[in-house]
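Asker: Structure provided below as structure tokens; questions to follow.
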Amino acid sequence: MPAATFPPGFLFGVAAASYQVEGAAAEGGRGPSIWDAFCAQPGRVHRGQDGSVACDQYHRYEEDAQLIADLGVSAYRLSVSWSRVLPTGEGEVNEEGVAYYDRLVDALLARGVEPWITLFHWDLPLALQHRGGWVNREVVGWFRGYTRVVADRLSDRVSNWFTLNEPACFVGLGHHTGMHAPGLRLPLAEVLRVQHHSNLAHGAAVDVLREHAKTPARVGAAPTGKACFPATDDPADAGAAARATFEVAEGKGMFFNHALSGDPMVLGRYPADLLTRFGDRMPAGFEDDLAAIQRPLDFYGINIYNGQPTRADASGRAVRQPASAGPPTTNIGWPIEPACIYWAAKQFHERYGLPMHITENGLASMDWVHADGVVHDPGRIDYTARHLWFLRKAVGEGVPVVGYFHWSVMDNFEWAEGYSKRFGLIYVDYETQERIPKDSYRWYREVVRSRGASLPDTLAPLR
């Protein structure tokens, strides 16, 4: 049985991202981003939807700040829209855009909620994409300049920062499979260049925050990738799962791997199997950049929604098991495997040795307002309870996970899925922008209040 509660000081929060919730895409001097352009291309996004209005947080930030505060959480993880601050990606600052983030930060702080800022959550200014975007090494300098502006304007009140959100997605889905903006399917050498430039941009942003933040900056990143866990209690399977989590293999999911970002960021090197198999396609002279990527970090973020059971075969090789007919899946089609969060915490602690935050975890479910006027979402409650149970177990065993951000605070624009997938603790009526707290909102509030004491002592089998 895990510890009865999370320890004092454990941080509970909620998360969202600028393009997914802000709206006001053509207001306040904001420049277009690659997601505006991607959404305008027929067939790219569910039903041709876009984030031009989203949840209208740009106008409703006071209401949203109050809903977040009423949850009792300590923190709101938000992202800044690069093109709202710098409409063309560099040059003249859009003061109206900065003023919006001033108001949002102040609204949160006035209610006792600490803003944790993600500098880049996928919405690259379109003007920079026209100049090569992440393929162009100049992006490192562009990102450095953008980070300096945000630090100059917000770091007097903001102390906690994430440089990049999920490079696996904007690198892999954006430049390898073309499923996300900017919708490219590049040769592998070019995608590896994008990966390397993202790592360099991370290092540059860390340096800017260390040098120019007006309050002591605590800095990390928020990657995602596959998370493998042992299919049985056999220790050989545990070892195989840990290897498989970081193994680099060619294919559609090659870039969905923490090691491509985490290893250079924290360890100062790329994974050996990447270099063995694909070293000839890495950017020339990449070795000379590793010191600029490996900058001291205060924490490591893990975005995790599911995992894959893994066994060791007779030779000890890791073999990921196909999805069975047993475990249910979320509304986005992801298998529900709560033990993955326990094993991921252990694996990342062993590999990187940093304090960790679960920076995203949550469920897409089919939610609606029921006849009694309430949004009942028992699936989200069960999903989150199971994951927090396993996370509490890891923390109780001494694994240094120090925070958990639920994804998401409210339903929002879910990228290529449009508005078809709802992840929120708060239901959003996109026609009226009414916010309706779901059952899970009230449930999570009690989890936060009790530091997890309200979680079940034991879990029934998931089936």
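Quick reminder: no glycine exception, Cβ is built from N, Cα and C everywhere.
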Asker: Let me know which member of His59, His121, His370 TrEMBL also records as binding substrate at the site of Gln20, Asn165, Tyr305, Trp407, Glu414, Trp415.
Answerer: His121
Asker: Which entry in the list of recorded positions, Glu166, Glu360, Glu414, has its Cβ near the fewest other Cβ atoms, using 10 Å as the limit?
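Answerer: With the recorded positions Glu166, Glu360, Glu414, fewest surrounding Cβ atoms within 10 Å: Glu414.
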Asker: Which residues of the same chain, at least 6 positions away in sequence, have a Cβ lying under 8 Å from the Cβ of Tyr305 (substrate binding site)?
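Answerer: Looking at Cβ-Cβ distances below 8 Å from Tyr305 (substrate binding site), excluding near sequence neighbours, one finds Thr330, Trp334, Glu360, Asn361, Gly362, Trp407.
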Asker: Would you kindly give the Cα-Cα distance separating Glu166 (active site, proton donor) and His121 (substrate binding site), rounded to the nearest Å?
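Answerer: Per the Cα atoms, His121 (substrate binding site) and Glu166 (active site, proton donor) stand 8 Å apart.
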Asker: Per DSSP, Gln20 (substrate binding site) is which: helix, strand or coil?
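Answerer: It is helical.
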Asker: Under DSSP, is Trp407 (substrate binding site) part of a helix or a strand, or is it coil?
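Answerer: In the DSSP reduction, Trp407 (substrate binding site) maps to strand.
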Asker: In whole Å, note down how far the CA of Trp415 (substrate binding site) lies from the CA of Glu166 (active site, proton donor).
Answerer: 13
Asker: Among Gln20, His121, Asn165, Tyr305, Trp407, Glu414, Trp415, the annotated substrate contacts, find the widest CA pair distance and round it to a whole Å.
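Answerer: Max span of the substrate binding residues, Cα based, is 18 Å.
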Asker: Please state whether DSSP places Trp415 (substrate binding site) in a helix, a strand or coil.
Answerer: helix
